[in-house]
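Q: TrEMBL feature annotations, pasted as is:
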{"type": "DOMAIN", "residues": "72-148", "note": "domain 'TFIIS N-terminal'"}
{"type": "REGION", "residues": "145-196", "note": "region 'Disordered'"}
{"type": "COMPBIAS", "residues": "158-174", "note": "compositional bias 'Low complexity'"}
{"type": "COMPBIAS", "residues": "175-194", "note": "compositional bias 'Basic and acidic residues'"}
{"type": "DOMAIN", "residues": "202-317", "note": "domain 'TFIIS central'"}
{"type": "DOMAIN", "residues": "320-360", "note": "domain 'TFIIS-type'"}
Amino acid sequence: MTALHDTRTFVALLNHHLPPNSRLRSSVPPFPITLNQVTHITSEALATAAGRSITRSKRLRSGIMASMEAKDIEERGKQLAKAAVGGDPPATLLALLDGLKGWTATEKLLRQTKIGVHVNKLRQNPDTQVARTATTLVNKWKGDVKKAPATAASSGTNSPAPNKSSPAPAAASKLKAEPQGDLEKRNSLSDKIDTAVTGNQTRDACIKLMYDGLAFMSPDTAPEILKVARSVELAAYNAYQPEGSPDYRQRIRSLYQNLKNKSNPKLRSQVLSGFIKPDRFVRMTHEELKSDKQRAEDEKLQKENMDKAMVAQAERSISASLTCGKCGQKKVSYSQAQTRSADEPMTTFCECTVCGNRWKFS
């Protein structure tokens, strides 16, 4: 093979055609090399350049994907909010939520996209599957954010590895936090929660009632519900003490019955979320505690009664010959109407003006 004696000239020419970060250093032997060696060196140099180019391309692409991921999550949050407000079917909400299950949350992305705000609102959705899925996602993201600083700290220290025989804390807390079984049958017994926290039998029983009412159809974790139940009982105790008074116990029972109302999930969610504070909750009137559905039905009935009251009533005559069969008085008003065929006699409707007794005859 023909040898190239001017090695340095060859290297200079080769580096002239390569990117600065891929050029050959002074590692070429200072003795004559063959054309095969030239081919080998050239191939290695070009492969190195190509590898570095691919690495730069991957870094650039990962940055673009991260940006697109944030935009995609933000857009999904807007779709969730629109679907929830628009009353879309639960299947639509579940499809949008399922697309977020594989995402690992960071505090920065949660703040940037506000996806946590949209999903958190769905925890109180009337559909139990939507509510449970939203709660699972929120709990997972909380765990992701908590793990992030712990992972960063452990990478810089030589901390001993955890014992493999003991369960992972995150997995154990997740199993303990998420409600199990039918949410409609959920209570302190099914959650295995000890509500005897005050040492007072009456107050502990009231805390249990509040827990059972708040836990009904709720996807929230047991510790969160117990915390709110204790706050509500304390507010009622301060407002209607002593704890043995009828007002205190009656108020707790009334609140419990309103919380257990299937048609009033909004009340439970607002108390659990803190929108309705315990001090205000224990003093709400019967009208304020009503569900939107019950309030609408009452308004409809009231309107119907008003409409009936405004309709002109048929004139009624007072007869001195008719006697009330109940009180024996002769102060009887009456009116007549054709209720049967034209050849039949009219029906007479009577009402005693003294006792209100009513009857009819034809």
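Backbone N, Cα and C atoms are what each Cβ position is placed from, and that goes for glycine too.
TrEMBL entries are annotated by machine, without manual review.
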Q: So, by DSSP, how many helix, strand and coil residues make up the domain 'TFIIS N-terminal' (72-148)?
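A: When I sort the residues of the domain 'TFIIS N-terminal' (72-148) into the three classes, I find 61 helix, 0 strand, 16 coil.
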Q: Could you pull the average pLDDT for the domain 'TFIIS N-terminal' (72-148)?
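A: Residues in the domain 'TFIIS N-terminal' (72-148) carry a mean pLDDT of 84 in this prediction.
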